[in-house]
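Database features (TrEMBL):
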- 8-119: domain 'Longin' (DOMAIN)
- 189-209: transmembrane segment (TRANSMEM)
- 229-248: transmembrane segment (TRANSMEM)
- 255-272: transmembrane segment (TRANSMEM)
């Protein structure tokens with residue numbers, strides 16, 4: 001009998017399970033497939049946005065979009081067209097129910113466990129195809145899968161305890177080149193992110209202007225301290241680097257943002273005599289806000305254009 005057995009929603013960047021269906025089957029085959037689920041979850045950011053893993057009597061299919069992956073386990077004879085329709089329906093409902101801020105800041109496993117109710121209802125409908133009420137254009141679905149078929153992951157690629165073997169980008173017809181970590185795309189910009197970017201530019205400009213004024217004062221009065229000039233220009237560099245970290249992905253990005261914020265704090269501490277408390281508070285607060293936005297804007301991992 002062909003049927004969907006279980007499904008789960010996983011965050012791409014770290015494999016954190018956000019929600020999952022309640023499964024009662026404790027057979028050996030199901031236990032083995034759950035291990036595959038966990039292994040796949042750890043490598044989602046390195047895989048194309050549409051994949052299938054065949055494991056004997058069962059298939060694992062998943063799609064990824066906007067930093068979230070939707071995974072399902074079904075019997076080997078379950079139609080691929082219906083499988084990806086099921087995943088697409090989960091994706092649309094999850095995006096409608098939860099915003100990106102909630103999924104990005106979630107820290108507990110299964111913190112959206114209430115989504116299980118929708119997974120169970122949808123699973124029951126797709127397991128009873130005769131009464132399936134969803135209006136689907138199967139011809140379009142079949143054409144989509146034919147033109148951009150899911151990448152077929154082999155069980156041998158899961159054999160290494162440390163993860164997958166290298167997956168050549170050319171083997172997947174629809175994914176294009178899988179970007180290396182330094183060139184990963186970041187998640188879409190939010191309004192708070194835009195505000196933090198503009199404020200960081202403003203702080204950088206203010207530091208730059210004060211730095212040039214400090215140079216003029218230094219040329220006119222030989223007794224002026226040159227270290228103030230250095231502090232202003234270091235503050236400018238730190239603000240501009242925060243803008244860079246917000247826009248582009250780099251290695252150790254979060255650590256760099258915290259170090260940059262620390263530099264902003266040190267510069268403002270040194271400039272305590274030249275600024276009032278409100279100015280100091282403004283610069284430090286903007287630095288902290290920008291650091292938070294850099295932390296929240298994580299690598300997207302997958303192209304968000306999947307639409308079955």
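First residue shown is number 1, and so on along the chain.
Including glycine, each Cβ sits where the backbone N, Cα and C put it.
Automatic prediction, not curation, is the source of TrEMBL annotations.
The predicted model assigns the domain 'Longin' (8-119) a mean pLDDT of 85. Counting residues of the domain 'Longin' (8-119) by DSSP class, helix then strand then coil, yields 48 helix, 30 strand, 34 coil.
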